[in-house]
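Listed in TrEMBL:
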ACT_SITE  B:PRO2  active site, proton acceptor
DOMAIN    B:5-57  domain '4-oxalocrotonate tautomerase-like'
Protein chains: 6
Amino acid sequence: MPTYHIEMMEGRTVEQKRKLVEEITRVSVEVLGGSPEYVDIVITDIKRENWATGGKLWLERE
Amino acid sequence: MPTYHIEMMEGRTVEQKRKLVEEITRVSVEVLGGSPEYVDIVITDIKRENWATGGKLWLERE
Amino acid sequence: MPTYHIEMMEGRTVEQKRKLVEEITRVSVEVLGGSPEYVDIVITDIKRENWATGGKLWLERE
Amino acid sequence: MPTYHIEMMEGRTVEQKRKLVEEITRVSVEVLGGSPEYVDIVITDIKRENWATGGKLWLERE
Amino acid sequence: MPTYHIEMMEGRTVEQKRKLVEEITRVSVEVLGGSPEYVDIVITDIKRENWATGGKLWLERE
Amino acid sequence: MPTYHIEMMEGRTVEQKRKLVEEITRVSVEVLGGSPEYVDIVITDIKRENWATGGKLWLERE
């Protein structure tokens, strides 16, 4: 509370995730207040065969 | 915008997903208007041990 | 099973929703198989102050 | 209807999931009414590199 | 952690929600372990014009 | 892509949301790369009767 769910294309490194959750938490506390310990973040890695934009899977777009 | 999240039992082929996102996007634009490029679709493949109906995991139902 | 969650900007009519769920269900059964009664669809109407693209709320984009 | 989505740290056994969905369904029917067959439950197993609290991934917290 | 998202048809009382979250939390701790303070539950009340089964909005089904 | 879903207790101002989506988008592009236009953010305002921690609705916790 607040809770963030982040959907991103698979392939990001743990280092990128580590940095991202640190920054998102900092920004969240700055803007919304509260303690960092109340900020929960869940990341979902999406496979290219499971994300589509404009009617085409990303597997086929690139 | 709009965004579709589709949960389905695992095991569908890429060809089925390819066809599904094409059709969903077409239907979405027909009914809601807008450009196909604004239609995002995310598919989640659910394992049979992770979906339950009537208090029973699908792993055990079939 | 399958389950569809659709996020759309608020303001669509019940008639549009009625047509959309009918078409999505038809397409889903055609491509994935199964009975229409197993297709669940949940729509979420999003307010313009609650959706952002490119760092800007849609309230401010248009 | 109702539908439950449960996010839990990965590593739980099928036996725990089996027990959990049985109990959640029983409780749901007791409190909200309806038939067990209308209770759907989807579990998501989250990896420790994909859940953060207080700005730190659980991979690093323990 | 764990986190429960519950979608239910609108119209349930606060008393039903109060009872439901108490029971879900108790069951969760019994089966998965951990402390009750780590169990988060978010309820979403769905309008009958926003839920469809079998291609028909619940607004029209009953 | 990426897409952020943020659940927060209701009562935040449009100005706070405006600032939050600006900052989240900036941080996202810095850490994950890509263009700001591909960052989508959806906020859900949760009522105190719909969020529980430790088995108690927030309506009753404070």
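Backbone N, Cα and C atoms are what each Cβ position is placed from, and that goes for glycine too.
Remember, TrEMBL labels are computer predictions, not curated facts.
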Averaged pLDDT score, the domain '4-oxalocrotonate tautomerase-like' (B:5-57):
97
Under the DSSP assignment, what numbers of helix, strand and coil residues are found in the domain '4-oxalocrotonate tautomerase-like' (B:5-57)?
25 helix, 17 strand, 11 coil
List of residues, in chain order, with Cβ under 8 A from that of the residue listed as 'active site, proton acceptor' and at least 6 apart:
B:SER28, B:LEU32, B:GLY34, B:TYR38, B:VAL39, B:ASP40
